[in-house]
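K.L.:
Just passing along the structure, written as structure tokens.
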Amino acid sequence: MTLFVGLGNPGSKYEDTRHNIGFKVIDSLVDDLGARNISKNAFQGELYRIANTLFLKPTTFMNLSGKSIETVKQFFKIELEDIIVIHDDIDLPFGAVRFKRGGGHGGHNGLRSLDAHIGKEYIRVRIGVGKPEHKSQVADYVLHRFSEEEEKEIERLVKHVSNACKALLCEDLNKVKSYYSLKSIEGLE
């Protein structure tokens, strides 16, 4: 069984923020694949399923998302290497897309929570959301909407990452990485 997790914060207040790009990708996957909702509360998140693939949007808020993922992992007996986490990354320029297995949390509180609850060897799909001018602005930056110019590219970016995630269901990580990685939004056709 494969588990895709999109990191984000619940509620309309956060819906279109940089931190919620993972939720947007999960929504795209669920729509594209016709996955059905199997739980809104039992796993501290919205959980969807089609065949042997699960899609999770934790509703615990970003900093506690590891709890939700751990619950789903244990209930469905999912191996760590079969978990794919989609998240924002301020260390990448807007529109960059990177894939990797394991690694540190890089200051991302959602990843910090995951690492504490399930370990580090899951696959990460990192989506660049740009970086604020000063480190002290990070919390405000990720909790705000994309710029008007960036908003115009979000749909294409989300579709690209969604397609990459679908490829991960049948292709190996290195092959997906070589085909779908982007240095910035300019690399998106």
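For all residues, glycine too, the Cβ spot is worked out from N, Cα and C.
Not my notes, these are from Swiss-Prot:
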{"type": "ACT_SITE", "residues": "H19", "note": "active site, proton acceptor"}
{"type": "BINDING", "residues": "Y14, F61, N63, N109", "note": "tRNA binding site"}
{"type": "SITE", "residues": "N9", "note": "site 'Discriminates between blocked and unblocked aminoacyl-tRNA'"}
{"type": "SITE", "residues": "D88", "note": "site 'Stabilizes the basic form of H active site to accept a proton'"}
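Looking at the shown structure, what environment does each listed feature sit in?
P.N.:
Less than 8 angstroms from the CB of H19 (active site, proton acceptor) sit L7, G8, N9, M62, D88, V142, L143, each of them six or more residues away in the same chain. H19 (active site, proton acceptor) falls within a helical segment according to DSSP.
DSSP gives N109 (tRNA binding site) a helix state.
The Cβ of N9 (site 'Discriminates between blocked and unblocked aminoacyl-tRNA') has 22 neighbouring Cβ atoms from other residues within 10 Å, across all protein chains displayed.
DSSP gives D88 (site 'Stabilizes the basic form of H active site to accept a proton') a strand state.
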K.L.:
Quick check: in three-state DSSP terms, what is Y14 (tRNA binding site)?
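P.N.:
In the DSSP reduction, Y14 (tRNA binding site) maps to helix.
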K.L.:
If you take the centroid of the Cβ atoms of Y14, F61, N63, N109, the listed tRNA site, which other residues of that chain have their Cβ within 8 Å of it?
P.N.:
N9, H19, T60, M62, L64, S65, G110
K.L.:
Count, for each of the binding-site residues Y14, F61, the other C-beta atoms lying within 10 angstroms of its own C-beta, and report the residue with the smallest count.
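P.N.:
It is F61 that, of the binding-site residues Y14, F61, has the fewest other Cβ atoms within 10 Å.
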K.L.:
What are the sequence-distant neighbours of N109 (tRNA binding site), meaning same chain, six or more residues apart, C-beta distance under 8 angstroms?
P.N.:
M62, N63
K.L.:
Counting other Cβ atoms within 10 Å of each Cβ, which of the recorded positions N63, D88 scores lowest?
P.N.:
N63
